[in-house]
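What Swiss-Prot records for this protein:
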type: BINDING; residues: Cys73, Cys75, Cys88, Cys91; note: Zn(2+) 1 binding site
type: BINDING; residues: Asp467, Asp469, Asp471; note: Mg(2+) binding site
type: BINDING; residues: Cys817, Cys891, Cys898, Cys901; note: Zn(2+) 2 binding site
Amino acid sequence: MVDITNFFKKTNKADSSQAFNRVRINIASPEQIRSWSYGEVTKPETINYRTFKPEKDGLFCAKIFGPVKDYECLCGKYKRMKYRGIVCEKCGVEVTTSKVRRERMGHIELASPIAHIWFVRSLPSRISILLDMNLKDLERVIYFEAYIVMDPGLSPLHKGDLLTEEMLQQAQNEYGEDNFIVGIGAEAIRTLLAELDLKSLRNALQEEVNNVINSDFKRKKILRRLKLIEDFIGSGNKPEWMIVTVLPIIPPELRPLVMLDAGRFASSDLNELYRRLINRNNRLKYLKKEEDGVPGIVLRNEQRMVQLSADTLFDNGKRGKAVKNSNKRPFKSLSDMLKGKQGRFRQNLLGKRVDYSGRSVIVVGPELKLHQCGLPKQMALELFKPFVYAELERCGIATTIKAAKRIVELGTPDVWNALAKVIKHHPVLLNRAPTLHCLSIQAFEPVLIEDKAIQLHPLVCTAFNADFDGDQMAVHVPLSTEAQLEARVLMMSTNNILSPANGRPIIVPDKDIVLGLYYLTLSIDGEVGEGRLFGSMAEIHHALFNKVVSLHSKIKFRKYIINADGDKVMALVNTTPGRLILGELLPDGDSISFDVVNKVMTKKGISAIVDMVYRYYGQKATVVFADKLMKLGFKYACMSGISFGMDDMIVPETKSKHVNDTLLEVQEFERQYSEGLITSGEKYNKVIDAWSRYTDRVANDMMKGIAAGDQTSVGLTNQERLNSIFMMADSEARSSVTQIKQLIGSKGLIAKASGEIIDRPILSNFCEGLTVFECFIGIPGTRKGLADTAVKTKVSGHLSRKLSESAHGYFVKREDCGTTNGLIITAVVEGGVIVVTLAEQVLGRVAVSNVYCPVTKVLILQQGEMIDEYKVELINTAGINSIKVRSVLTCELQEGVCAKCYGRDLSTGKLVAIGTAVGIVAAQSIGEPGTQLTMRTFHIGGAATRGVEASSFEAIVDGRVKIINPNFVVNSNNKSVIMSRSCEVILADNVGQEITRYKAQYGSILLVTDGQEVTKGTALVVWDPYAMPIVTEKSGYVMFKDMIDGVSVKDIIDESTGIVNRVIIEPKQGRGEVVLRPRICLLDQNKQPLTLSNGLEAEYFLPVNSILSVEEGVNVSAGDILARIPREFAGTKDITGGLPRVIELFEARKPKNHAVIAEIDGCVKFGKDYKSKRRLILQPNDESHEPIEYILPKGRHVTVNEGDVVKKGDMLIEGSPVLQDILKVMGVEALGLYIINEIQAVYRLQGVKIDNKHIEVIITRMLQKVEITDSGDSNFVIEEKVNKRAVINTNKKLKAKGLREAQYRPILQGITKASLQTESFISAASFQETTRVLTEAAIAGKVDKLEGLKENVIVGQTIPAGTGFYINEIKKIARQRDKEIIAARDAELQENNTEA
């Protein structure tokens, strides 16, 4: 282990090449600072402005810091290497390299101690906590504003009391000057700190904390002080070291003084700060030496000045205003050198500049192979110069390096021959910024080209997110053999076929290639040669050449196929010549059926083929196939001649009809509103939905129209009638229905800059042109889209960084942890539609236990077996609903994760290799799409993309209905109204296997009965999407309670219609008044309260803003609506709303209007209300539990009624639940599944696929800390948040000794907090809040075990992931073997000595 302070050891004594595996940070003692120093700096001068030599004893003194020139003393007496190590007797300078001026330190002996500002001002202030003082009081003492009593002596004062000048005078007069001792400044604080007996203070505080019962604040304060004392005791630091008596001066080369032209100098700010400090310190020394005695006030002022100048040096601006230079810019202090993007950590240690690199614009290289890139000749020569020199020498063309250099400058043909030899099989790395994921840097073999732009293979554009509109890329040359080997094996473009985010091919053809293949595989009626029969591909090519058939002719072709029994038979296949040409590219073999290519190729279809080729034939075949596919696509894209003009933009004829129909609908809603049947909000929502349906209908008609092609022109063939715009959209090559809809349909609804949708759509399209008004309302949304792009790119980039920070130290450490835990995975259902199948989710996972077919009971999956594509098909056929799989969340390894719990490495399709940095892969996979999506927001041009609000569930297939918890009543219209909050409608197939399930809302209408057979499309449940009803369970007469006009209920008149609505408002109540709880009671004919099925009175409490639907005294039937609560849906759903949601989840923030969830199973009761809160009491079913009380805000709608039975985890108030509540109530697995589903819902909305395991990795990092609930016999403090691994290890030791173990509970931290509280202080300091992290780490004497990626990059060691992981493992084995050999040898020697 290396102590961070030992980095400053005198260089001639330290072995700089010594390997280390840990770094420790401590507070430096005065003795240690002196031991680093090569001499005291006593003068503020820097260099002599005449001779330009450093001044003796100044800030650049050569005697202290070393010679300015290599092996030359200052006076010039000793020059050259032969005098190395001699100290010149004249000038006192040691003859050595000038490099030592980067390492040697000096020091200042301070005339008065100063308090280190990090320990004073970094909140919470460490010195104030240790002395149990107020921060303001501490500062008053340090800055000479008040005296502190050090020893009360015989006076009634107390130790630590503060006295002003007047109070001190008064006390001295009263009690005598010698009867008590006071102090002032940092010196007094140092004395107090030195007097602390930490161990006895710890014991006293532990007793005190046990006695504190009532005050939570006091308890936390004591615990905080106790934790700090534990840190000091554990680290061996002394509290008085927080006060500096000797100040180190950093080496001069790290604060350079550079000479500019015209004799001026540019200097580092640190020199000026040190100069001020030395001047003030020297003045103070002089004043202290004065025999006549200097007035106390003058001395104290000078001491204060020294303290202030030290504060500025350590952290300028930490206290009060920052000190500025002559240009009104704040001085850059030592802290500023470390902090932020321009600080030492991020600028120089994590982001280094790279030599042997170049940069140029990229152009397309369609002639290249997938593993190649085109490198400009001049650029290659510059990059490979050393290799060229070596090659010229090796071939005997040049005798020396100098000669080789001259030959290269002349540019003779030999140079280019040498370059061609050198670059052969020497991969280069191409990088495109922003480097969002590992595929943004790939290796290629360079091909020399004459141009000045780098040529890039078209298929890797998706991975780089590159296009050729001026993008630039950087080239890097891997120099060492190991680097070249890694580049070739791990980073070659041919080895990066699959996306690490979702396991799908990423070298998939796009744009023109897709269009070319789509055109090639089209089948058109009436083409020449239709119906002909062919027997070989030679015949096909011959027929095409002679124009006997066209590419799109429907023909028959004789070929071998695999029949249903799996036998290879000859058969006639209906196909087209184009499809047969595509089929020729498939690798030889029968694994892929011709049916796969015997259809019109879209982007999805092509992707599926590439995926199949990879799965069945491996990597090499896929690379060859992809290259052939690209060339074929480009060829036929060119031959097709597809382009579009105004004639291709066919506006649907039905558009005006749809407009008129929708306008009639809107008028109907206006009428309902004016008659008071619906509220303004409901009308708005209905209008928005009507126009959304209109745009959908127009879009459908438009697509039908352009699909039919040009039917009006005469004399065209069917091929000529094809519509280019339709072909582009249908093939998924370019554009989307949304964009075409704006072009030739209707632009549709528009969102304001606020996100709210304007209820008047743009009916025109861009082909017809917009009216002035339409243009006007469309502008704000479009402009916001462009402005958002810039802002959201930044937000997404920051999310990526935070994710990487939290997960960078997470690797695969072992093959198997042996756990039997896992997550139960089911299909994801939204609105009754399966959006993600079970098969998609379990692919690449490992089964926890054996899985059998539910019908045949045949074993499908064995325990510990990885689920591949074949197994997925078996799961689909067997109709299995859920599978328990191994998960990162349930892995039992203390460090990292095991391969079995992680499952398949998505970038290779095999089980993940040990040493893979799965944390970084996860962070990149989640962060990269966020950036992509935010950048793509503006493509739709401000058009609102909100879907129509769902109002029913329909059967997605034929099947049988099964109803769970069917609590419903039949209303006056003979409809079944659901009264249960846990009613579910299940759709099962003929065998009884569940296909999907729908959660029916309270108040919705059930249209089917249990066991009923339904056909696809049958409506099962319907509800009002714009209002939540409050429904009566019994028939009876309505009576209002606590409804006082103007107090708890108000008649609101709609200004536009004059209709009066009775709305519940927040009751205005004074203190001591009766609490009003507006509700509707139901009475029987005798005016007696009715009783509900749960035995309680029929009372329905009304939340604020609910609208009454009944009058007092009317007779209502069971199932009738008493009141309704309007729902407001107005936002557009896209990643712009979704990205903040993702951040909210990963930061574990409390949602704005969060839900309250039931902690136990129980029965709901309402207690006495407070002024603005409602009291809900949950009476547990289990009598051993205490009832739980919830205080709920009155304005929010409570989803349960009195007497309702709720289950653990049920929502009591609607909203997004707080993640910490889910963890507390439901546990880690439930929390994991909730976060995964919420985040996936956001990405799914944009069509982005990310594997669940990446989200699981991040959640695991959020759950790495636990809170101590009972410290047992450990040194932990109650409520302390510590690493789970540390607690488990401590408990093992305690258990072995028979002592009480520490008890703990899991806690969830946001990714930022998790990054800052990581075990590595180097990693945390380089992320955020550098000064605070380093202060904490120094006090606790933290040890960084260098386990993550960042800390190893910072200290310049190989990262412990990938190849580095195996290097470390080999080193461990070697070290162990060395120990064993040495031990054996020692034992042998000892034995020999004994015999002798």
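Heads up, the Cβ atoms here are built off N, Cα and C, so glycines get one too.
Small disclaimer: the values here were computed from a predicted structure and weren't measured.
Shown here: features listed in Swiss-Prot, placed on the structure.
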| residue | record | DSSP class |
| --- | --- | --- |
| Cys75 | Zn(2+) 1 binding site | coil |
| Cys88 | Zn(2+) 1 binding site | coil |
| Asp467 | Mg(2+) binding site | coil |
| Cys817 | Zn(2+) 2 binding site | coil |
| Cys891 | Zn(2+) 2 binding site | coil |
| Cys898 | Zn(2+) 2 binding site | strand |
Additional residues around Mg(2+), ordered along the sequence, whose Cβ is within 8 Å of the centroid of Asp467, Asp469, Asp471: Ile362, Ala466, Phe468, Gly470
Given a 10 Å Cβ-Cβ cut-off, pick out the one of the binding-site residues Cys73, Cys88, Cys91, Cys898, Cys901 that has the most other Cβ atoms nearby. Cys901
Round to the nearest Å and give the CA-to-CA distance linking Cys891 (Zn(2+) 2 binding site) with Asp467 (Mg(2+) binding site). 41
Fewest other CB within 10 angstroms, which one of the binding-site residues Cys75, Cys817, Cys891? Cys75
Could you round the CA separation between Cys75 (Zn(2+) 1 binding site) and Asp471 (Mg(2+) binding site) to a whole angstrom and send it over? 55
Judged by the number of other CB atoms within 10 angstroms, which among Asp467, Asp469, Asp471 is the least packed of the binding-site residues? Asp469
How big is the gap, in Å, between the Cα of Asp471 (Mg(2+) binding site) and that of Cys898 (Zn(2+) 2 binding site), rounded to a whole number? 40
I want the residues beyond Cys73, Cys75, Cys88, Cys91 whose C-beta is within 8 angstroms of the mean position of the Zn(2+) 1 site's C-beta atoms, in chain order. Ala62, Leu74, Gly76, Lys77, Tyr78, Lys90, Gly92, Val93
Can you name every residue in this chain, apart from Cys817, Cys891, Cys898, Cys901, with its Cβ inside 8 Å of the center of the Cβ atoms of the recorded Zn(2+) 2 site? Arg814, Asp816, Thr819, Arg886, Val888, Thr890, Glu892, Leu893, Val897, Ala899, Lys900, Tyr902
Within 10 Å of Cys901 (Zn(2+) 2 binding site) (Cα-Cα), which of the binding-site residues Cys73, Cys88, Cys91, Asp467? none
Have a look at the binding-site residues Cys73, Cys88, Cys91, Cys898 and say which one has the shortest Cα distance to Asp469 (Mg(2+) binding site). Cys898
Cys91 (Zn(2+) 1 binding site) to Cys898 (Zn(2+) 2 binding site), Cα to Cα, whole Å, comes out at 63
Rounded to a whole number, how many Å is the Cα of Cys898 (Zn(2+) 2 binding site) away from the Cα of Cys73 (Zn(2+) 1 binding site)? 59
Just the number: how many Å between the Cα atoms of Cys817 (Zn(2+) 2 binding site) and Cys73 (Zn(2+) 1 binding site)? 63
